[in-house]
Amino acid sequence: MTPKVIIMANSTGMKEFYLHAFANMRFKYLYFALFLTVYLITVIGNIFIIVLTIIDHLLQTPMYFFLRSLAFLDICYTSTTLPQMLINLVIERLAISLPACIIQLFVFLSLAASESFLLATMAYDRCIAICNPLRYPVIISKDFCIHMVAWTWVIGIIFGTIHTANTFRLPFCGSNVLNHYFCDIPPLLKISCIDTFLNEITIFATGGFVMHGCFLLIFGSYIQILFSVLSIPKGFGKKKGLSTCVSHLIVVLVFYGSGSLMYFRPKSNVLANKEWLLSLFYTSFTPLLNPIIYSLRNQDIQGAFQKHFRKSQIHKHFYNSC
């Protein structure tokens, strides 16, 4: 299959974009199997967390409220790109219409910004819980949790609106081929007819505030947590605390590191033609890792699962015996 190239003066005549990341359809079954597996594990793992934190009364705490919010956000986030990519691989039509591209970019950017703020909120929550436990119920109240999650969505929508409008105000000409598997800002800027300096400044200003600001808050929170954990006498959960800090930071580094390389690297960077590979880390692998790192390794989650699984087995045995 060869890319369909359209020559035009501006974006008003642009009907669709050709997604060139998977142009080599010889490996389409491999791609399909890989990303279907990633998507199913991500969705099932996060649904499991949502259901478990709702039905178990011991998990009705701020920490698990944020985890439940993150799980829901991750399902939406990964569903923005992967399902359409899987459909395109099946029908061998690696194209997306202009309206669909606009919607996809807006939803993706909104959810990405929301996830960034939510991860920062969760780090702050853990920092207060470990470093200032006596004041934790006062600071991290129910109203605080609801307001913080609501604000992550509001800020995300504002962020998505700004960058989507700023991107699609540009005229596109020459080629409608995007070296990517979904509509994202960097490949769209490459096919613009005019200078994109204003767009790049906006990305560095607002994107830098969202991404780097949240990362610094998370990093600072975990540094405080680390010092608190190190002050714990040996044998009082010190090893577990260190392991938790490290695992959380790994997920954060993958998400923010790959995102920074994607949006804040020089144009001449050697990764310029492999943007889609880089984007997989923050679009697909982070939502896959989040339920594993944040929840499935958690003893409270494991205990709740065993309790409800055992209860369901007892009920099943009872009904079968009747």
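Using the three backbone atoms N, Cα and C, a Cβ is placed for every residue, glycine included.
Unlike curated entries, TrEMBL annotations are predicted automatically.
As recorded in TrEMBL:
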DOMAIN    45-294  domain 'G-protein coupled receptors family 1 profile'
TRANSMEM  29-52  transmembrane segment
TRANSMEM  64-82  transmembrane segment
TRANSMEM  102-124  transmembrane segment
TRANSMEM  144-162  transmembrane segment
TRANSMEM  209-230  transmembrane segment
TRANSMEM  242-264  transmembrane segment
TRANSMEM  276-296  transmembrane segment
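Over the domain 'G-protein coupled receptors family 1 profile' (45-294) the predicted model carries a mean pLDDT of 88. With pairs at least 6 apart in sequence, the transmembrane segment (144-162) and the transmembrane segment (64-82) have 3 or more Cβ pairs within the 8 Å limit; the two touch.
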